[in-house]
Amino acid sequence: MHINRSLFDEVMVPNYAPSPIIPVKGLGSRLWDQQGREFIDFAGGIAVNCLGHCHPALVSALTEQAQKLWHLSNTMTNEPALMLAKQLVDNTFAEKVYFANSGAEANEAALKLVRRVALNKFGADKSQIIAFKQGFHGRTLFTVSVGGQPAYSDGFGPKPADIDHAEYNNLDSVKALISDRTCAVVLEPLQGEGGIINPTPEFIKGVRELCDQHNALLVFDEVQTGVGRTGELYAYMGLGVTPDVLTTAKALGGGFPIGAMLTTTELAKHLVVGTHGSTYGGNPLACAVGLAAFNTVNTPEVLDGVKAREQLFRDGLNAINDKYQVFTEVRGKGLLLGAALNADYAGKARDFMLAAAEEGVLLLMAGQNVVRFAPSLIIPEADVREGLARFDAAIAKLVARLNAG
Ligand SMILES: *Cc1c(COP(=O)(O)O)cnc(C)c1O
């Protein structure tokens with residue numbers, strides 16, 4: 001059988017448009033495709049592979065657990081799930097954990113929790129959810145409706161009701177919507193898919209205060225920012241604002257599917273037996289790998305290393321920009337960085353990504369105008385330098401080609 005990109009078109013639902021490159025092996029921050037071509041990975045499976053590919057601690061956690069126990073369902077608990085939950089509780093504001101299999105599912109649990117808490121404590125009228133334009137929370141119908149891109153939620157019939165969207169970093173737009181009817185405000189403490197937008201300190205503190213004034217819960221979607229990505233274990237820790245509910249997924253499993261919702265005992269008590277659940281949630285394989293990933297990331301060496309690597313990326317990208325004048329700014333935090341294209345290259349983030357892949361470095365977009373970087377948190381300095389050199393070569397060719405045409 002010929003396994004190539006055209007087989008995708010033959011047998012797969014066409015909701016993705018994957019690259020023609022088919023990687024078959026990964027090690028650290030390098031990938032190799034079917035033809036043996038080597039790539040430096042600045043994409044990290046969209047901020048998932050926090051320890052690169054095939055990290056020895058994750059490989060041994062997975063293979064050891066695979067010899068012991070794969071699955072039970074939630075009619076029984078298991079040791080890896082309890083150990084990971086204990087670590088999450090011991091290292092964050094949270095006191096209780098719910099396990100899911102993805103970011104969207106963790107958010108679905110958070111949204112159902114805040115609705116149920118509001119119903120129990122204040123009555124059915126307190127159901128409004130405030131979220132943000134350009135926000136992203138997943139692709140289930142509830143989470144995509146809370147997300148701030150109507151293009152993603154339109155066309156699937158009636159949406160879950162009573163969701164309003166304010167403008168990120170605009171506290172007045174939140175004030176205009178919030179009232180005692182508001183059950184929760186949901187936000188990413190650094191917008192990812194929406195273009196790598198940092199919250200201002202006034203905005204994030206102001207939202208917390210508004211929530212407190214109106215008995216609304218504050219939900220932080222840390223699916224992309226969590227588990228070391230910003231150089232803090234969770235982004236909220238660097239903002240001086242603590243949410244009531246936090247969701248985490250992507251990097252939590254380092255490449256194995258897992259998600260979690262974290263909250264307080266006081267709120268968690270509203271999800272009584274039978275209110276919510278998932279067959280695979282808390283799966284022993286996922287939690288064993290998650291535990292190894294969490295413990296490996298949650299060290300001063302790795303977290304401080306993220307900050308050092310951020311500087312390396314910023315210096316390298318600024319040097320590239322001095323040569324080619326393609327970016328307006330490099331923004332984001334830790335190893336979730338965005339290079340925003342200037343007006344000359346507006347809408348061309350995809351061209352940058354394709355040109356980079358051509359030169360042997362994989363990166364991401366965040367909208368049409370931002371080139372996104374979300375590499376391994378432990379990417380070797382040499383790989384950062386080599387990847388940036390390849391990106392430099394890609395931009396040289398792209399700029400020449402665009403200016404010629
Ligand atoms: C990726 C992402 C999600 C969705 O996670 P899935 O695992 O794809 O369901 C939700 N929120 C944020 C902020 C994300 O970046």
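Backbone N, Cα and C atoms are what each Cβ position is placed from, and that goes for glycine too.
Not measured: the values here are computed from a predicted model.
Pulled from TrEMBL:
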- Gly103, Ala104, Phe136, Asp221, Glu222, Val223, Gln224, Thr279: pyridoxal 5'-phosphate binding site (BINDING)
- Arg139, Ser278: N(2)-acetyl-L-ornithine binding site (BINDING)
- Lys250: N6-(pyridoxal phosphate)lysine (MOD_RES)
Could you round the CA separation between Gln224 (pyridoxal 5'-phosphate binding site) and Lys250 (N6-(pyridoxal phosphate)lysine) to a whole angstrom and send it over?
6
Based on DSSP, name the secondary structure state of Asp221 (pyridoxal 5'-phosphate binding site): helix, strand or coil.
strand
Least surrounded among the binding-site residues, given as Gln224, Ser278, Thr279, when other CB atoms within 10 Å are counted:
Thr279
If I take the Cα of Arg139 (N(2)-acetyl-L-ornithine binding site) as reference, which of the recorded positions Gly103, Ala104, Glu222, Lys250, Thr279 has the closest Cα?
Ala104
Could you list, ordered by sequence, which of these binding-site residues: Ala104, Asp221, Glu222, Ser278, have a Cβ under 6 Å from ligand 1?
Ala104, Asp221
Between Thr279 (pyridoxal 5'-phosphate binding site) and the residue listed as 'N6-(pyridoxal phosphate)lysine', what is the CA-CA distance rounded to a whole number of Å?
19
Looking at the binding-site residues Gly103, Phe136, Asp221, Glu222, Val223, Ser278, which ones sit with their CA no more than 10 Å from the CA of the residue listed as 'N6-(pyridoxal phosphate)lysine'?
Gly103, Glu222, Val223
Among residues Gly103, Ala104, Phe136, Asp221, Glu222, Val223, Gln224, Thr279 annotated as binding pyridoxal 5'-phosphate, what is the maximum Cα-Cα distance? Answer in Å.
25
What Cα-Cα separation, expressed in whole Å, is found between Phe136 (pyridoxal 5'-phosphate binding site) and Ser278 (N(2)-acetyl-L-ornithine binding site)?
22
